[in-house]
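Listed in TrEMBL:
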REGION    1-41  region 'Disordered'
COMPBIAS  19-41  compositional bias 'Low complexity'
DOMAIN    194-299  domain 'Protein arginine N-methyltransferase'
DOMAIN    325-382  domain 'Protein arginine N-methyltransferase'
Amino acid sequence: MLPSHLNGHSPLARRRPRLSAASPPAAAAGESPAAGAGATSTADSLEEHDRIYFQSYSHIGIHEAMIKDRVRTDAYHSAIMHHQKFIEGKVVLDVGCGTGILSVFCARAGAKRVYAVEASEIATQACEIVKANNLSDKVVVIHGRVEDVDLEEKVDVIISEWMGYMLLYESMLPSVLFARDKWLKPGGLILPSHATLFMAPITNPERYEGSVDFWCDVYGIDMSALVPLAKKFTSEEPSIETIGGENVISWPSVVKHIDCYNFTVEEFKCITAKYKVSSMMLAPIHGFGFWFEVEFNGPQESSHNIPSNLNPLEIIQKKRRRSSEDTVLLSTAPEDEPTHWQQTILYLPDPIEVKQDQTVEGSVTVSQSKENPRFLNIHLECSTGGHTLVKDCAMR
């Protein structure tokens, strides 16, 4: 796995394709490539980013973490069996199949044929796994990007585990949308079908004390000169860690609800949402937490859409009603069983004290990085009790 960060918390431990030292540096502000070379340079840069990204998925550790996540894997298996009538005797496309586990699930559920597309070198092992399970007559492993492959036919079902940290990190969703537009038959099934990104202010005094206040007294030595550096280090980029429901101090707000049957690549590039929540307790806000959930619905089924204009209490009530319905749901919320995605936390340099019922409001913008479209830029604005802050950070 990749190096740890902040008390053993890895910011992007599961899915962090790092730019290598050999990668071409981004042009400084005001600079431009040589005349006539712009398109080629951009294309070469994107190709290099993709090469590094797919190379990271050749590491078995990433696949081990994903498959051992029973919440994730069981949800996908349950969804496949729930929709078996749409899969049996049909053609399935698995976008980013990895080891091929979802393709095998679909084949065992009765799929006539499964195209398992994987751009990383793990495709070699996926092919061997298919053979070892006597499914070579049903599962066709294709080594390449889904944008580049040619299939022999249109498909009835698209399945993909495309979600990254904070739902959108890695920008794999556009590949699923590409496959939908090019290969999915009208009325076809997409799994998962819907996704919702949530956010809420959080309090985490133990984490703050361990990373920042720790330096005030180190074995009886005053090292408080390091506190400003600790604050900067703690808050300069998102942290991936597990928090509990007790750390969340308000009902969550919806950042974005995605319907995979209709969502577009253009919408993905920049997402902005306003939020307005009330603190449920007297506590310091140490940052903002982000998590997501996905649903596995058919195209004609209710999407259980959660509009962003609902107040936070209505959102939770709707979520609780939905959990009792006949819907397969995969949640990474703090109050639910932990997953390898954990939660994404944007820590503030200094905590903000809030009282019970105090309003916390502002906006958040999540956009694809121009440096590398698989990275995310996050712009957060917050106002409460006379305090106003603006925070910018990147998930790289």
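FYI, residue positions are counted from 1 along the chain as it appears here.
Using the three backbone atoms N, Cα and C, a Cβ is placed for every residue, glycine included.
A TrEMBL annotation is a machine prediction, not a hand-curated record.
Residue counts of the domain 'Protein arginine N-methyltransferase' (325-382) by helix, strand and coil are 0 helix, 32 strand, 26 coil (DSSP-based).
Across the domain 'Protein arginine N-methyltransferase' (194-299), DSSP helix (H, G, I), strand (E, B) and coil residues number 31 helix, 44 strand, 31 coil.
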